[in-house]
Amino acid sequence: NYCCGSAFKYLRGSSSTHFSRGSDTMRKVYSLVSLTKNRESKDQIQYPEQTREFDSRLTKTGRRSLSHSISHSSTDSNSSGGSDAENPEDEVSPRDMQQINSKGNMDFCIKNIKLADFGRREIELAEDEMTALMALRKAAQGEKPLAAAKIVGCTHVTAQTAVLFETLKVLGAQCRWAACNIYSTQDEVAAALAEQDFPVFAWKGESEDDFWWCIDRCVNVEGWEPNMILDDGGDMTHWIYKKYPHLFKKVKGIVEESITGIHRLHQLSKAGKLCVPAINVNDSVTKQKFDNLYCCRESILDSLKKTTDIMFGGKQVAICGYGEVGKGCSAALKAMGSVVYVTEIDPICALQACMDGFRLAKLGDVVRHVDMVITCTGNKNVVVREHMDLMKNGCVVCNMGRSNTEIDVNSLQAPELRIVLLAEGRVLNLSSSTVPIYVLSITATTQALALIELFNAPEGRYKQDVYLLPKKLDEYVASLHLQTFDAHLTELTDEQAKYMGLSKYGPFKPSYYR
């Protein structure tokens, strides 16, 4: 199903907004990799004193090759909060600390409120490159299209997503937020949001219990009930269905970003349990073509370099899945001189891989020889113990798909395995590095428009089903970002438009185009 209409009116007149280029915030990422000399004896690398002790929950497993990437950007010397880097409070769970911002507000739970100034500078840098969201603020803030919206969200908490959160607030929404990934949160950004009275419950390195506790703190609030959900992975939606199903009586809709979350929504729909309309942002053209493809093409190399310092030339790599994420990863590694094998279940994607010059194979047939395995499927049990038993010593295994279920992480607790797992099998680029701000601007703008569309839709327009945004909105998001490149679109003449059966102003693709 395709939704249509109400969000587009808020965008008119904003296309002439001036756009300027910003620069990505440089972030230092260090890898802690436990190594073993042989099966009988183990020697531990001695780390610099300033590096935080490896998470005790992980070191107890005795896994020889688990690599866990952590970011020190919020406590480096270039941070305004750098003097707090060695503070004993860093070892205390944020749940056990009572923090208060400069305005006396305590409705948040983060790592360290003192990092707020540095986080604010990161957000401001992101704003320079997220030009379309800033244009949306300017175009729609007078009318406040999200006034009375109460949005509960579960996404990554980074400088880029913070620009989205604050845009929603400018447009009139009340928001409460948790992180969808236990490793991707930028603590300084969470502090900056908390300092501005934004209820955020997230910190880098949450435990599994912390993760669900933060989500619950967003939902279980006296005197406040959400009427919109913005999700990345379906965890917020799942938690409300499980613990607070009565809240769906007031929820107008769900906006979901990831393939994992979309699968969950379709399962609910097929079972007749989806009680509100939902918009599938993941399958919008702007998300598929730009965030999934171009973002992963650039960030995969940076993530692997920062976590392993591996040289790509001549390495043999198996990419599991040749969707847009797999295409981006494959192209990047091929360009660096790697020999790339692709595994795929879909004959169409498989044929694309072959036409692009990649060797199509089954993972079991090539896993003995490859130096690296990267999952990009969104599925479960893509890399299992039988594959791990065949891997060569030092084989790097990581995930670029949404869910950490793609790799059988539990099998790595066996000490005899000699492989390197990055980011505990969670999405690598957001756990161990950063992603291009400009590309995230495209997805964030699409998410904002989807929320506006669902919240302002007249009753009855949407049923209890999963919808796509209309192509006109997809095209509008793209046109806003074109101006950064000083690009100029060709316009159809009246005669050409009539011949093609199109409006001169779009949409130029049918609703089923992806």
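Placement of Cβ uses the backbone N, Cα and C atoms for every residue, glycine included.
Whatever TrEMBL says is automated annotation, not expert-curated.
Listed in TrEMBL:
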- 40-96: region 'Disordered' (REGION)
- 67-84: compositional bias 'Low complexity' (COMPBIAS)
- T158, D232, E257, K287, D291: substrate binding site (BINDING)
- 292-435: domain 'S-adenosyl-L-homocysteine hydrolase NAD binding' (DOMAIN)
- G323, E324, V325, G326, K327, G328, E344, N429: NAD(+) binding site (BINDING)
Compare the C-alpha of K287 (substrate binding site) with the C-alpha of each of the binding-site residues G323, E324, G328, E344, and give the closest one.
E324
Measuring Cα to Cα, how many Å separate E257 (substrate binding site) from V325 (NAD(+) binding site)?
14
What is the Cβ neighbour count of D232 (substrate binding site) at a 10 Å cut-off, with all protein chains included?
25
Separation of alpha carbons, T158 (substrate binding site) and G326 (NAD(+) binding site) (Å):
24
Could you check which of the binding-site residues V325, G328, E344, N429 is the closest Cα neighbour of T158 (substrate binding site)?
N429
For a quick check of packing: other C-beta atoms within 10 Å of the C-beta of K327 (NAD(+) binding site), how many?
24
Could you tell me how many residues in the domain 'S-adenosyl-L-homocysteine hydrolase NAD binding' (292-435) are helical, how many are strand and how many are coil under DSSP?
62 helix, 28 strand, 54 coil
Just checking a number: largest C-alpha distance across G323, E324, V325, G326, K327, G328, E344, N429 for the NAD(+) site, rounded to a whole Å.
22
Indicate the candidate from G323, E324, G326, N429 with the smallest number of other Cβ atoms within 10 Å of its Cβ, considering only these binding-site residues.
G323
Mean pLDDT for the domain 'S-adenosyl-L-homocysteine hydrolase NAD binding' (292-435), as a whole number?
93
Nearest-integer angstrom distance between the alpha carbons (Cα) of V325 (NAD(+) binding site) and D291 (substrate binding site):
9
Between G328 (NAD(+) binding site) and D291 (substrate binding site), find the distance joining the two CA atoms and give it rounded to the nearest Å.
10
Tally every other Cβ atom lying within 10 Å of the Cβ atom of V325 (NAD(+) binding site).
29
